[in-house]
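Residues or ranges marked as active site, proton acceptor by TrEMBL: Lys68. Marked as shikimate binding site by TrEMBL: Ser17, Arg18, Ser19, Thr64, Asn89, Asp104, Tyr214, Gln245. Feature annotation from TrEMBL assigns NADP(+) binding site to Glu80, Gly128, Ala129, Gly130, Gly131, Ala132, Asn152, Arg153, Thr154, Leu155, Ser156, Arg157, Gly238. Taken from TrEMBL, the feature domain 'Shikimate dehydrogenase substrate binding N-terminal' applies to 9-91. The domain 'Quinate/shikimate 5-dehydrogenase/glutamyl-tRNA reductase' annotation in TrEMBL covers 119-196. According to TrEMBL, the domain 'SDH C-terminal' annotation covers 238-261.
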Amino acid sequence: MQTTKHFAVIGNPIAHSRSPELHQAFAQKTGITLVYNKRLAQIGQFESSIDEFFKNHGTGLNVTVPFKEDAFKACDVLTERAKIAKAVNTLWQKEGKLYGDNTDGQGLVNAINALEWPLSQSRILILGAGGATRGVIFPLAEAGAHEIVIANRTLSRATQLIQDLSPHIQNTSLNAVGLDQLTGHFDIVINATSASLSGDTLLLPESLTFNYAYEMAYGKPSHFLDEAKKRNIPYADGFGMLVGQAIESFYIWNGTRPNLKDFL
Ligand code: ATR
């Protein structure tokens, strides 16, 4: 008989998380029996909460805002992409050690692949230079992007990020630009700013053109997507990325990878 594995997503706040329903849907599709809960941790009590979870025979944890950097620091063993992202969203234990990975960037790559937008040899523009951008550059480069330009309101933050990441990126050229200097043509533009989350406008100059628009946020009004709609450009919000990162976590823990297109 199959034993029931226990999973949870830990964050603060956590009530809004869609991870439990996604993982239940993957379990149903793949014939795995699991329990997946939401776990609220108080600020400053992240480590004690994960200790308790694993002591009680939990198999794996997803980590969300604001604990991804705490999770990164808590791990004994990290994957390469987690080291580069400096953030962890997937935890498990093996032989008494805490392992951490970051599946967010691969989740974005999977979502873009499911949309059948071209990544190989592409010229990609990422708006924003925060944690969300840091997590996706290495997976996008591994997926074959020819050039990634990071545009940020504060140019120095984009320049610093590129300096940090360059040693890890071999075949993709990385460039930084100020948000107000944007111009030229890109295959895909990805909005990784928190502008949509805070309801801010994000003005894009006419001289910036692109074929596809991806908004990392989902379930929020997005000026970036309004602009894509106005320009009649194919677009998507971050739901596919959410499903994509969940599938990669599910794969780490359960060894089987559901098909993203079945859950969109
Ligand atoms: P996250 O971890 O989600 O990336 P973050 O580290 O706070 O969050 O980064 C937010 C990003 O959104 C930054 O790149 C920020 O630009 P600055 O570095 O100049 O602050 C960007 N951002 C937030 N609001 C914005 C707005 N209204 N217009 C343009 N960029 C914005």
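Numbering starts at 1 and runs along the chain as displayed.
Note that Cβ sites are derived from N, Cα and C of the backbone, with glycine treated the same way.
TrEMBL does not curate its annotations; it predicts them automatically.
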Cβ-Cβ neighbours of Gly131 (NADP(+) binding site) (radius 10 Å): 17
From binding-site residues Glu80, Gly131, Asn152, the one whose Cα lies nearest Ser19 (shikimate binding site): Gly131
Listed binding-site residues adjacent to ligand 1, that is, members of Ala129, Gly131, Asn152, Gly238 whose C-beta is under 6 A away: Ala129, Gly131, Asn152
The one of Arg18, Lys68 whose CB sees the fewest other CB atoms within 10 Å, among these recorded positions: Arg18
Shortest C-alpha distance to Thr64 (shikimate binding site) - which of the binding-site residues Glu80, Gly131, Asn152, Thr154, Ser156: Gly131
Number of helical, extended and coil residues in the domain 'Quinate/shikimate 5-dehydrogenase/glutamyl-tRNA reductase' (119-196), per DSSP: 31 helix, 25 strand, 22 coil
Binding residues Glu80, Gly128, Ala129, Gly130, Gly131, Ala132, Asn152, Arg153, Thr154, Leu155, Ser156, Arg157, Gly238 (NADP(+)) - maximum C-alpha distance in whole Å: 29
